[in-house]
Amino acid sequence: METFPFSSIPNLPLFFSMFLILYSIAYSIVFRNWSPNIRPEACSCFISLFHGTPAVFLATFAIFSDQNRGFSSPNTKTQNLVLDYSIAYFLTDLLHYLVFFPTDVLFIGHHLATLFVFITCRHVVFHGSYAILTLLILAEVTSFCQNVWTLATARRHDNQLAAKVYSNFSPYFYAFYSVVRGIFGPFFLYQMGMFYSSGVADNVIPRWLWISWMCVVITAIGVSILWISNLWVELFKEKKGKLEKEL
C-alpha cells in the first residue's frame, strides 16, 4: 500500500500554500533589492526552481513505481500526488501573471491549458498520468537551466556576473532545450498519439479529452520550438556583431 507524508492533509491546498509562501519569501526577502521591473519575474523563477527539478524526480519515481504503467493505466496515489504538486505550482504562477502581467495572454493561456490537462487527468478520468507525467518530465527537465538563464538575462545589463553567465551559458542551454523540445518531445507525442488514436483507451479516456490533450501539447511544443529558434537567431546575430567589431 502506497503511503506518503502529510497523508491526512489534502495535497493540493498544502502544496498551494507552500508555493504561495515561497513566492512571498522571494518577493519580500530574496529579491527585495531588485528593480521593480524584474522583481516579479525573478519571484516566478524562484518558485519554478522549487517545482521543475523536484517534479522531474517525483514524476520519474511515480512512473517507475507503477508496474502497470501505460498510456491508459489508472493513476496511482503517488502519481496523483505529483499531479497535485504541479497543479499547485501552476495555480500560483497563474496568479502571479494575473496580478503582475495581466496582458500576457500567451503565458496565461499556457497555464490555463496546462491546468486543464492536469486537472482532467487527476480529477475527471483518473487515468493517463503515465503520459501526462512523462510530458511533465520532458517539459521540466530544462527548467533549472531556463531559470538560471532567465535570471541572468534579467540582470545582464547591470551585473557583470549575470552578463558572463548569460554569455557563456546561453549556447549550452539553447542546445539542451532544442534537443528535448525538438526531438524527445515530438517523439513521445507521436507514440502517445498512435496509442490513443487506436481507440484502445476510449473506454477510460474519452476521445474528445485525449484529442484536447494532444492539441495542448502540440501547441506547447510548437511555441517552444519557435521561441528557441528566435533565441538561436538572436545569439548568432550577437556573435556576428561581436566578430565584426573585433575585425
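Using N, Cα and C of the backbone, Cβ positions are placed for all residues, glycine too.
Per TrEMBL, transmembrane segment is recorded for 12-30, 42-64, 94-118, 130-152, 172-196, 208-228. Here TrEMBL flags 37-240 as domain 'TLC'.
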Tertiary contacts of the transmembrane segment (208-228), as residues 6+ beyond its ends and Cβ separation under 8 Å: 106, 110, 113-114, 116-117, 120-121, 124-125, 128, 131-132, 135, 139, 174, 177-178, 181-182, 185-186, 189, 192-193, 196, 201
Residues from the same chain, set at least six apart from the ends of the transmembrane segment (42-64), whose C-beta lies under 8 A from its own: 19, 22-23, 25-27, 30-31, 34, 76, 78-79, 81-82, 85-86, 89, 92-93, 96, 129-130, 133-134, 136-137, 140-141, 143-144, 146-147, 150-151, 154
Non-local residues, at least 6 beyond the ends, that sit with Cβ under 8 Å of the transmembrane segment (12-30): 6, 39-40, 42-43, 46-47, 50-51, 84-85, 87-89, 91-92, 96
Positions on the same chain near the transmembrane segment (130-152), where near means CB under 8 A and six or more residues out: 41-42, 45, 48-49, 51-53, 55-56, 59-60, 62-63, 66, 69-71, 73, 79, 82-83, 86, 117-118, 121, 162-163, 165-166, 169-170, 172-173, 176-177, 180-181, 184-185, 188-189, 192, 213, 217, 220
Confidence summary for the domain 'TLC' (37-240), mean pLDDT rounded: 96
